[in-house]
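Here is what TrEMBL records for this protein:
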- 1-21: signal peptide (SIGNAL)
- Cys30-Cys154: disulfide bond (DISULFID)
- 31-174: domain 'Peptidoglycan recognition protein family' (DOMAIN)
- 42-180: domain 'N-acetylmuramoyl-L-alanine amidase' (DOMAIN)
- Cys67-Cys73: disulfide bond (DISULFID)
Amino acid sequence: MSRHCALLAWALLGLLRLREAQKTEAPACCSPIVPRNEWRALESECTQRLSLPLRYVVVSHTAGSSCNTPASCQQQTQNVQSYHVKTRHWCDVGYNFLIGEDGLVYEGRGWNFMGAHADHMWNPMSIGISFMGNYMDRVPPPRALRAAQGLLACGVAQGALKSNYVVKGHRDVQRTLSPGDQLYNLIQNWPHYSSR
């Protein structure tokens, strides 16, 4: 084989390896998401898959206790899941992702499974993210807000969200006080927000 052909073969092989690596690695913009096994989630019994990419994101708050360390947020995520599964009798925690005041994102149902974060009309066409805490009188800390924005950018990069996705507050799609007055006022200034 000539030297030119050998160089061309090595270049093509390198490009193929790079393409395969890009398929399996998370995009560079993605912040780490705490997987279910790390926060010791109960086994999910959910089966309804979402048709990706989705156009809508519904932002809520849990209206319960806040958490500001990884240990307390893991415990709070377990508490939310336990309430949803054992009291509400849902197949899993209702949200696709939960945001802690520790600045971390906790995987709920993830990108692929339909949440129970709104009503029967919105759940099949949206991702539900919930800030852990009550945000009627205060806003989440900046690191939690950055985590949520990073999650949305990651969703676009992974093809789970359309690039022109629309953010809605929970109260925009259902009769509720969620995501709390202060968080709701804040998300109305996010670039993808729309009440319509």
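Any Cβ shown, glycine's included, is placed from N, Cα and C.
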**Complete:** Cα of Cys30 (disulfide bond) to Cα of Cys67 (disulfide bond), in Å and rounded, measures 22
**Request:** With an 8 Å cut-off on Cβ-Cβ distance and a minimum sequence separation of at least 6, pull the same-chain contacts of Cys73 (disulfide bond), or say none.
**Result:** Trp39, Cys67, Gly100, Glu101, Asp102, Leu104, Tyr106, Met132
**Complete:** Looking at the disulfide-bonded residues Cys30, Cys67, Cys154, the one with the fewest other Cβ atoms inside 10 Å is Cys30
